[in-house]
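Below is one structure, written out as structure tokens; comments come after it.
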Amino acid sequence: MKVVEVTHPLVQHKLGLMRRAENSTKAFRELASEVATLLTYEATADLETEATTVEGWAGPVATRQIKGAKITLVPILRAGLGMLPGVLELLPAAKVGVVGLQRDEETLRPVGYYEKLSGRMDERTALVLDPMLATGGTLIATIDMLKAAGCRRIKGLFLVAAPEGLAALEARHPDVEVYTASIDERLNDVGYILPGLGDAGDKIFGTRA
Ligand SMILES: O=P(O)(O)OC[C@H]1O[C@H](OP(=O)(O)OP(=O)(O)O)[C@H](O)[C@@H]1O
Ligand SMILES: O=c1cc[nH]c(=O)[nH]1
Ligand SMILES: [Mg+2]
């Protein structure tokens with residue numbers, strides 16, 4: 001399974017700021033979006049381009065343009081919405097399909113409550129957005145949904161990923177590519193990532209656990 005830990009200094013710096021316990025909602029939200037932009041830069045490095053010519057100030061210039069990128073962004077409600085503005089900065093024309101899943105905090109199993117994808121997912125690359133890949137249950141259920149809709153090319157963008165979640169994903173969907181700002185140490189006994197970020201949804205939306 002392709003797993004890219006993006007270690008660019010800007011990513012490390014911004015993620016380090018996110019890990020502070022005392023962040024304001026505004027600061028956490030802005031940083032989530034900024035790191036998402038940087039992850040998008042990495043995750044789109046293999047987009048196909050084609051030759052074109054533009055009329056420049058001194059005559060025609062041979063240049064390149066992106067060749068028919070068909071991308072659907074898939075933020076997982078609710079925390080994934082915190083990454084969406086940053087991803088749209090670089091992919092402003094992308095379609096957005098939304099899925100809603102919430103982890104049952106007793107069983108740690110995901111409970112699905114919403115699905116609205118764009119059409120022809122069989123022709124599209126899905127970029128799944130979620131700040132946290134913990135046990136992997138939420139992501140695996142999302143990929144099950146995407147594949148049931150015909151999607152065959154799936155990448156996931158996460159601020160932080162746990163080794164346990166990556167192993168579960170590899171066992172079930174090894175064809176999915178992962179881009180993350182950090183592979184952290186482990187899960188604690190209630191399924192939170194250590195050192196992690198705490199509850200990303202609560203921090204992005206300003207609610208309390
Ligand atoms: O890998 P897993 O163990 O499944 O956990 C990760 C999921 O948990 C969090 O969402 P949460 O269920 O808290 O929902 P929220 O975004 O509505 O807060 C997080 O944003 C992921 O979606
Ligand atoms: O560490 C974690 C795990 C799941 N969900 C979060 O928001 N944080
Ligand atoms: Mg949450």
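The backbone N, Cα and C atoms fix where each Cβ goes, and this holds for glycine too.
All TrEMBL annotations are machine predictions without curation.
Annotation source TrEMBL lists domain 'Phosphoribosyltransferase' at 7-207.
Cβ neighbours of T138 (5-phospho-alpha-D-ribose 1-diphosphate binding site) (same chain, under 8 Å, six or more residues apart in sequence): I76, L101, R103, P110, D130. According to TrEMBL, the feature 5-phospho-alpha-D-ribose 1-diphosphate binding site maps to R78, R103, D130, P131, M132, L133, A134, T135, G136, G137, T138, D199.
Residues annotated as uracil binding site in TrEMBL: I193, G198, D199, A200. For the recorded site, A200 (uracil binding site), the DSSP three-state label reads helix. Shown in sequence order, A32, A79, G82, P131, M132, L159 are the residues of the chain, 6+ apart in sequence, with a C-beta less than 8 angstroms from the C-beta of A200 (uracil binding site).
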In whole Å, how far is A134 (5-phospho-alpha-D-ribose 1-diphosphate binding site) from G198 (uracil binding site) when you measure between their Cα atoms? 11
Near ligand 1, which of the binding-site residues show up if the criterion is a Cβ under 6 Å from one of its atoms? Options: D130, I193, G198. D130
Setting I193, G198, D199, A200 aside, what same-chain residues sit with their Cβ within 8 Å of the center of the Cβ atoms that define the uracil site, listed in sequence order? P131, M132, V160, Y192, G196, L197, G201, D202, K203
Which residue, of the binding-site residues G136, G198, has its CB surrounded by the fewest other CB atoms within 10 A? G198
